[in-house]
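What TrEMBL records for this protein:
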type: SIGNAL; residues: 1-24; note: signal peptide
type: DOMAIN; residues: 50-104; note: domain 'P-type ATPase N-terminal'
type: DOMAIN; residues: 138-198; note: domain 'P-type ATPase A'
type: TRANSMEM; residues: 302-325; note: transmembrane segment
type: TRANSMEM; residues: 356-375; note: transmembrane segment
type: BINDING; residues: ASP421, LYS422, THR423, GLU531, PHE572, LYS595, ARG626, THR706, GLY707, ASP708, ARG794, LYS800, ASN824, ASP825; note: ATP binding site
type: BINDING; residues: ASP421, THR423, ASP821, ASP825; note: Mg(2+) binding site
type: ACT_SITE; residues: ASP421; note: active site, 4-aspartylphosphate intermediate
type: DOMAIN; residues: 847-1100; note: domain 'P-type ATPase C-terminal'
type: TRANSMEM; residues: 863-884; note: transmembrane segment
type: TRANSMEM; residues: 911-931; note: transmembrane segment
type: TRANSMEM; residues: 961-983; note: transmembrane segment
type: TRANSMEM; residues: 995-1018; note: transmembrane segment
type: TRANSMEM; residues: 1030-1054; note: transmembrane segment
type: TRANSMEM; residues: 1060-1085; note: transmembrane segment
Amino acid sequence: MSTSKVLKRLWFVFSSLLSPFPQGFDPPHQSDTRTVYVANRFPEHGHYIPQRFADNRIISSKYTIWNFVPKNLFEQFRRIANFYFLIIFLVQLMIDTPTSPVTSGLPLLFVITVTAIKQGYEDWLRHKADNEVNGAPVFVVRSGSLVQTRSKNIRVGDIVRVAKDETFPADLVLLSSDRADGTCHITTASLDGETNLKTHFSVPETSVCQSVSQLEALQAVVECQQPEADLYRFVGRVTVTQHGEEIVRPLGPENLLLRGARLKNTKEIFGVAVYTGMESKMALNYKCKSQKRSAVEKSMNTFLIIYLVILLSEAVLSTILKYAWQSEDEWNEPFYNQKTEQERNSSPILQFISDFLAFLVLYNFIIPISLYVTVEMQKFLGSFFIGWDLDLYHEESNQKAQVNTSDLNEELGQVEYLFTDKTGTLTENEMQFRECSINGIKYREMNGKLVPEGMTGDSPGGSSPQLVIHTNSCCTKLMSEELLFLKAVSLCHTVQISYNQSESWLGGDPFSHTNSFSFSHMEYYAASPDEKALVEATRRIGVAFTGCSGDTMEINTFGKTEKYKLLHVLEFDPNRRRMSVILETPSGGKMLFTKGAESAVLPFTTTGEIEKTRLHVDEFALKGLRTLVVACRHFSPKEYIDVDKRLMSARTALQRREEKLQQAFAHIENHLHLLGATGVEDKLQDKVPETIEVLRRAGIKIWVLTGDKHETAVSVSLSCGHFHRTMNILELLQQRSDNECAEQLRRLARRIKEDHVIQHGLVVDGASLSLALREHEKLFMEVCKNCSAVLCCRMAPLQKAKVVRLLKTSPEKPITLAVGDGANDVSMIQEAHVGIGIMGKEGRQAVRNSDYAIARFKFLAKLLLVHGHFYYIRIATLVQYFFYKNVCFITPQFLYQFFCLFSQQTLYDSVYLTLYNICFTSLPILVYSLFEQLVHPDILQAKPSLYRDISKNSLLSFRTFLYWTMLGFTHAFVFFFGSYLLMGEDTSLMSNGQMFGNWTFGTLVFTVMVITVTLKLALETQFWTWMNHFVTWGSIAFYFIFSLFYGGIIWPFLHTQDMYFVFVQLLSCGSAWFAIVIIVITCLFPEVMKKVLYRHLCPTSTQKSQVTTSSQILCPEPRASWAKLGRRFEIR
């Protein structure tokens, strides 16, 4: 083998190890499209070079057996604290330091090992899951027969057979099914959480290939876009060769069966694999969300930097004082520390650096290495309490709260601005048809009849149709308009039907039931609750949608069956805000039905009762109803030919397909005839007004961001308590220019200043918001911040995210929370500091992309006011306590250098240095940070103002940090000088006349320190459980037992036996016990007095609540076995 080939091979192996992609996965392709030959029937000419595609292995694991150690170590040492202690450990190895490398190496090894074991175990589980998926049996068509193979062996171009209730092993383009029309039903619950059935289609030329032999003979080529993560976007076309003629058909999302989705109500399908393995849409959605950092984490990093400065200052000062001391004339070098000739001749600068590094090692424990591990454990374990809380459990839907990330638990206690969607978040998203406007006349539904406004539901003259109409000369015209309106509503949708019958007619004619099957046994499924409500309403009135078979839609109009051929569907999208269908009527005419928001339909209508309908839409909105406008258009044969060509050209385009479709839709959905409008009621969720009021009393400002028209949004805001009747409502609506918008903002700002006594609410629409954010951000923010409530209507998804970012990046840097239930809320959920998804009826995209998920809006109150409060005070105390106890730990070491002439002699034994943070003081603070409760949960909800006491990161302010740090220095001085004064100069404290030595003195200081810092935490504890008692008193007892054991045995592997019998001698001396008691009391008595005086003379609102609820600290018994641990320790 040549040298160049060997080098290429080595480079391939090396790059494969470092590559984030699995073997067989090509980097992004140069071309924007890929060509897939069905059944891998490649062109016969010799110039074709097959494209390389990923194999079908799914690799969700992060490590392999070969790269686990280096990759995991690299990731862990990217953390500043770990890297710092690694440097300290290396310094101890390279130079002569006062402490053993074990003192730094062992804690570092412990932290690294625990993290590596946790991450390794999690990755092993991922490997195990991957192997199960990759080894699953599948059937593919190869060489004219159906062959069983493993999922990982599927290649792009393979024809795959999937049976009922099986998941799709790759992204497949549907070729055929056992149904005559080539359709199939699937559920994508595992991908986006949507449980409703979706219908997918095959093209007519491949739908007839239902046998293996027919599929083997199929000559087809699929051209499609390169892989992308968007689950709802697919652009492609298939070219089928039949009898020497090429037939081109467009492919879209309705033709693509996604990996992970499941086949339902269909016996089997055949599909061609177009995206496999890590190129499937499911795999591309594995990517992690952007990392959010809490305010506590930012404060913690700031404190670490401050302590690093303290460490460097102590090391520099000690080094300078050492040389200053040694430079004095009377300085005589001790006989036991004589320097070698090499040391005397070494460079003074190098010697200074060496001493500086030695002092750095001596004091390095002021940086708490175990802080990060403890914080991670606290967040991980503490997050279970949310899922265990039965008050956050929704019994009707059987859904409990879930935590998608535990890194932001404490951020729940810091929220200042709450941004919420309206539909499905504040409301139930259970739509009920209430009113409609047809040909300028308002109707309401009563007992399955359309009743004109002002009339009762009794049909005049016993009229047989379920319509009560005017009995005047316009009766016939009104009847035809009403019927056309009802037919438009019952046909313009993407609703599917499930029949509550046996599966005997699965795959049969879905229309065969219409003569013998009651409509009441039909259940509609729709992605939009609005569509479902409207179709159900038309069924009650008498125009029932009874099914869709292939391209045929059927309705039953007052007992008469009508079939329409579905020619085209112009899908809904958020930009157009409307959807349309083009149908061939039973008489052969071509007709377009359109429905959408009034702002998206009315501008394109030219005939009909436009102004009356507009007034009716506004009236519906004032009642809080969701409105849709319905229109139609008749096509002449020539017009339809042009429409069909435009749509086919746009849909078969591989480049800029969306843009071309939008242009075609805009041309088609024009010159419309207005039929009417609908008003659908969406009820408020339970306890929404009470929740909003409670959150407002907690100091949280609430903004409602919705896509509804402003009349509907204002009506709902008033009913839910977001706006009050006494509130002055300001409006920034329909602004058409920057100057107009700026002038209106100035007027609003003046009004707010003039009427500063009353509360103000602001209503902004999407168009005006765009102008305000373009040039007038500061003025807009000034107006908004002086308003008690803000309502933004007609909002696009990206606008919601922009509003959140605007507040998030303002000079005050407030903590923001966004809550929503739909895909249009994902952007703002990801943008906010904390994102909460509502488990609603609009799919699970919001839940999947959120940090936390709850079933109802009302659960926000307890999530923030109770769980947020608990999490914040726990972790804030944890962080401050860690720095405090490490100051107590290292400061005596620093003070001791003044008594040993800065000889770098350590005060503590190396074992104590190593175990202080790992064993002796770690468990009490961990348990405290899991179970502490300053105030009873019921009181936190009854007094929302207590939430304000912890807002703006008050427990981690610089003032609080300075208090804890100075307390640590004070206690450290008492430890050292108290031990020195009580025992340091006494030569007759031991019965044999022997003096206490260095190790005895250091052990006394260490003993006092362990007891004091543990009891200090006990003083801070308000909520005692048996676990608190066990770890608090157990930690002190463990220290004494360990010290007796450690000092009572000669350890052969130790170089010296400095601690032999030291602790026993110390405890055998009554003066030592006296000193321990006196020093501990001296440290803690001022703390006790401070707490007593503050509680009686100037108690905080939290302390007042503690007094009133001191008898309520014990928790009641849990209400469910699975919640036992959480309920017992926290939830009430």
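Backbone N, Cα and C define each Cβ position, glycine as well.
TrEMBL does not curate its annotations; it predicts them automatically.
Features as recorded by TrEMBL, highlighted on the structure.
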residue	record	contacts (Cβ under 8 Å, 6+ apart)
ASP421	ATP binding site	VAL704, LEU705, THR706, LYS800, VAL819, GLY820, ASP821, GLY822, ASN824, ASP825, ILE838
THR423	ATP binding site	ASN429, ARG626, ASP682, THR706, GLY707, ASP708, ASP821, GLY822
PHE572	ATP binding site	SER528, ARG578, MET579, GLY596
ARG794	ATP binding site	SER599, GLY707, ASP708, LYS709, HIS710, ASP765, GLY766, ALA767
Seminar exercise, completed: Same-chain residues at least 6 beyond the ends of the transmembrane segment (1030-1054) with CB under 8 Å of its CB atoms are 911, 915, 919-921, 923-924, 926-927, 1003, 1007, 1010-1011, 1014, 1017-1018, 1021, 1060-1064, 1067
Seminar exercise, completed: The recorded stretch from 356-375, 863-884, 911-931, 961-983, 995-1018 sharing the largest number of CB pairs under 8 A with the transmembrane segment (302-325) is 356-375
Exercise. Under DSSP, the domain 'P-type ATPase A' (138-198) has how many residues in helix, strand and coil?
Worked result: 7 helix, 29 strand, 25 coil
Exercise. If you draw a 10 Å sphere around the Cβ of ASP821 (Mg(2+) binding site), how many other Cβ atoms fall inside it, taking every protein chain shown into account?
Worked result: 31
Problem set entry | Cβ-Cβ under 8 Å with the transmembrane segment (995-1018): same-chain residues at least 6 beyond its ends | 881, 884-885, 888-889, 892, 896, 905-909, 912, 916, 920-921, 924-925, 928, 971-972, 975-976, 978-980, 983-984, 986-987, 989, 1032, 1035-1036, 1039, 1043, 1058-1059, 1062-1063, 1065-1066, 1072, 1075-1076, 1079-1080, 1083-1084, 1087
For this session: Please work out the number of neighbouring Cβ atoms within 10 Å of the Cβ of ASP825 (Mg(2+) binding site), leaving out its own Cβ.
Result: 32
Seminar exercise, completed: The correct three-state DSSP answer for PHE572 (ATP binding site) is coil
Seminar exercise, completed: According to DSSP, ASP421 (ATP binding site) sits in coil
For this session: Using DSSP with the three-state reduction, classify ASP825 (Mg(2+) binding site) as helix, strand or coil.
Result: helix
For this session: Could you please provide the mean pLDDT value for the domain 'P-type ATPase C-terminal' (847-1100)?
Result: 87
Problem set entry | Collapsed DSSP category at ARG794 (ATP binding site) | coil
Seminar exercise, completed: According to DSSP, GLY707 (ATP binding site) sits in coil
Problem set entry | Number of other Cβ atoms within 10 Å of the Cβ of ARG626 (ATP binding site) across all protein chains | 24
